[in-house]
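A.B. asks: I grabbed these lines from Swiss-Prot:
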SITE      E144  site 'Essential for proton translocation'
TOPO_DOM  1-15  topological domain 'Lumenal'
TOPO_DOM  37-58  topological domain 'Cytoplasmic'
TOPO_DOM  80-97  topological domain 'Lumenal'
TOPO_DOM  119-135  topological domain 'Cytoplasmic'
TOPO_DOM  157-163  topological domain 'Lumenal'
TRANSMEM  16-36  transmembrane segment
TRANSMEM  59-79  transmembrane segment
TRANSMEM  98-118  transmembrane segment
TRANSMEM  136-156  transmembrane segment
Amino acid sequence: MSDSLGDEYAPAFAPFLGFAGCAAAMILSCAGAAIGTAKSGIGISGIGTFKPELIMKSLIPVVMSGILSVYGLVVSVLIAGGLSPTENYSLFNGFMHLACGLSVGFACLASGYSIGIVGDEGVRQFMHQPRLFVGIVLILIFAEVLGLYGMIIALILNTKGSG
């Protein structure tokens, strides 16, 4: 393979796309976790003044939101592991790593937003009707799975570049 053909498949800007995917995975998934934590935390602090004994049971949305940032961290570590200053980095790998980061990032952002909305209203209604707890947890699980789907797609995409 000639140098000009190698430069065509591994241009100098290709690693930028990989770094952008790494950053997008962390930034967007942590933003989703922060939104979910903030929105559900507002509801928890609201019920804490009336029924402090319900605070520990109401922390489930906050914990579920925190897990979203772990999804972004896992994908970011995998992307960073594929970046090397001594090896050629193809344009395909750059776009693939960008797609990995955006996939998990936007999925976790949407998941965090939905966890925040359900968590906020759920804990407020749980204060009035404790029988709603199981239904709220099920809805939170379905909202959490959205972020997991993004991570699964990112992992599948990442294996395409290493295989």
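Numbering starts at 1 and runs along the chain as it is shown here.
Cβ atoms here come from the backbone N, Cα and C positions, even for glycine.
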A.B. asks: List the same-chain residues at least 6 positions away in sequence whose Cβ sits under 8 Å from the Cβ of E144 (site 'Essential for proton translocation'), in sequence order, or say none.
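C.D. replies: Within the chain, E144 (site 'Essential for proton translocation') has Cβ neighbours under 8 Å at M64, I67, L68, S111, I115.
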A.B. asks: Could you give the number of helix, strand and coil residues in the topological domain 'Cytoplasmic' (37-58) as assigned by DSSP?
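C.D. replies: Grouping H, G, I as helix and E, B as strand yields 17 helix, 0 strand, 5 coil.
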A.B. asks: Report, as numbers and ranges, every residue of the chain located at least six residues beyond the topological domain 'Cytoplasmic' (37-58) whose Cβ falls under 8 Å of a Cβ in that stretch; write 'none' if there are none.
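C.D. replies: Contacts with the topological domain 'Cytoplasmic' (37-58): 65-66, 112-113, 115-124, 126-127, 133.
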A.B. asks: For a three-state summary based on DSSP, what are the helix, strand and coil counts in the topological domain 'Cytoplasmic' (119-135)?
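C.D. replies: Split into helix, strand and coil, the topological domain 'Cytoplasmic' (119-135) gives 16 helix, 0 strand, 1 coil.
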A.B. asks: Six or more residues out from either end of the topological domain 'Cytoplasmic' (119-135), which same-chain residues have a Cβ under 8 Å from its Cβ atoms?
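C.D. replies: Hits for the topological domain 'Cytoplasmic' (119-135): 36, 39-40, 42-44, 46-47, 50-51, 54, 57-58, 60-62, 64-65.
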